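Taken straight from Swiss-Prot:
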| type | residues | note |
| --- | --- | --- |
| ACT_SITE | HIS68 | active site, proton donor |
| ACT_SITE | LYS183 | active site, charge relay system |
| ACT_SITE | LYS194 | active site, charge relay system |
| ACT_SITE | THR243 | active site, charge relay system |
| BINDING | THR243, ASP244, PHE354, ARG371, ILE419, GLN420, ASN446 | urate binding site |
| REGION | 1-178 | region 'OHCU decarboxylase' |
| REGION | 179-502 | region 'Urate oxidase' |
Amino acid sequence: MMRLKQLNEMSASEFIHLLGGVFENSSWVAERAEPNRPYSSFQSLYNKMVEIVETASDNEQLKLIQMHPHLGTNVKITDFSQEEQKHAGLNELTKDEQNHLILLNQKYKDKFGFPFVMAVRGKIKQEIFRTIKERLQNNHQTEFKQALEEIKKIAMFRLQEIFREGENNSMTKHKERVMYYGKGDVFAYRTYLKPLTGVRTIPESPFSGRDHILFGVNVKISVGGTKLLTSFTKGDNSLVVATDSMKNFIQKHLASYTGTTIEGFLEYVATSFLKKYSHIEKISLIGEEIPFETTFAVKNGNRAASELVFKKSRNEYATAYLNMVRNEDNTLNITEQQSGLAGLQLIKVSGNSFVGFIRDEYTTLPEDSNRPLFVYLNIKWKYKNTEDSFGTNPENYVAAEQIRDIATSVFHETETLSIQHLIYLIGRRILERFPQLQEVYFESQNHTWDKIVEEIPESEGKVYTEPRPPYGFQCFTVTQEDLPHENILMFSDEPDHKGALK
């Protein structure tokens, strides 16, 4: 291993400087381990350092234990200890928890004469509180031995951290590898979330806000970082956040979320997760709305919307995506954010044509100057200012319901020459209504029905069936540069002199 080779070849002072903190503020362990180089493996190095501690005098062992800081302390501690306590959430204690831990630490030290030591990597604060209470019941000899055992565990984690960094540097210096893991289908439902109000209204849509009596979301989370490499290459789980923990994290944070949008919730989860787990370098979240529709009930003899009963929708739903990374200075940065509307299916029974396309020996599709058009649409949009997507300033927030209503309105108004033309016009209208958006992206599919009965006596109707399985699709991005006005063919409310719709 490259790092081990470097370790064996570096000077004595470099060796001691690198490993002096493996045992808390006790560089004498590294000093005594240095002359035994070269080491053949990580394990042989660790075994030698443990042997040095085990064969040290009682006084040296006591001083080693006393070098460890109290858990949850506010005084300056080593970088190793700071990171370990941060992983366990000890930097986020409430005032009451902080005072309780101080009291337990003092009781422990008063009884045994040295601080409570515990390898907190992978532990949660509740487990730490429980353990210190249990160990307060032990005698001095038992706790002295237990403290040394915990110190050995801590040393193992710290050595792994040092070797992991070296291995990560050597394995990723040529090309950044794909490396992430996560949890999908994290369903969370919240009743009585803060309502979304103050949204700017537009002519195409009656939408003005959401009451959020019932808020449902399906989240997919993935995380990554160079420190996770050995979880793949060596099965080392010491820095692995279990995906079940991710699920719990997301669901419980919906309870403390004070915002009003899926986009804002994803940002809240991402920020909280990276603050909680400082070794995670990047996080991606996808949120899909689980929509519920209003039902009606008779109240005092009148029909009115029910505030108790809702119907799960099988129709279109809002989506959001967010990617956040940790910078070298430990600040967090959103590298990508996108809002969306998925699963919108629209049928327009007339006023659609498809003519003038290439005809050759492969063409069997007839031209049609007035056909039904059934389209599936996924629409995604990006803001010029990412923070506008969170809904904290509702005047700048663009709701999926408004995007839906613009799409249906433009579809109704426009003499549709093709799906390509339709999505372009919808995108332009969206950007005209919402100049705070940077671009709108479309994924569309053509699911126009096949005609079965051409003419029905004394009726304008026809009979259709589902199309054959292959379907056409289109992808297109509309940007602010597309906004200069052009002539758009639209229906008027009145027929022309020939009886045809303009």
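Glycine too: its Cβ is placed from the backbone N, Cα and C atoms.
Structure with Swiss-Prot features highlighted.
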residue : record                           : Cβ contacts under 8 Å, 6 or more apart
LYS183  : active site, charge relay system : LYS220, ILE221, THR243, ASP244, MET246, LYS247
LYS194  : active site, charge relay system : HIS212, THR258, GLY259, THR260
PHE354  : urate binding site               : GLU367, ASP368, ARG371, LEU417, SER418
ILE419  : urate binding site               : LEU373, VAL375, SER444, ASN446, GLY472, GLN474
GLN420  : urate binding site               : GLN474, PHE476
10 Å Cβ neighbour count around HIS68 (active site, proton donor)?
23
Local Cβ density at ARG371 (urate binding site) - other Cβ atoms counted within 10 Å:
20
Give the number of CB atoms, excluding that of ASP244 (urate binding site) itself, located within 10 Å of its CB.
9
When the pLDDT values for the region 'OHCU decarboxylase' (1-178) are averaged, what is the result?
84
According to DSSP, which kind of secondary structure is GLN420 (urate binding site) found in, if we only use helix, strand and coil?
helix
With every protein chain in view, what's the tally of Cβ atoms within 10 Å of the Cβ of THR243 (active site, charge relay system), excluding that atom itself?
16
Mind giving me a neighbour count for ASN446 (urate binding site)? Other Cβ atoms within 10 Å of its Cβ, every protein chain shown.
16
Three-state secondary structure, LYS194 (active site, charge relay system) (per DSSP):
coil
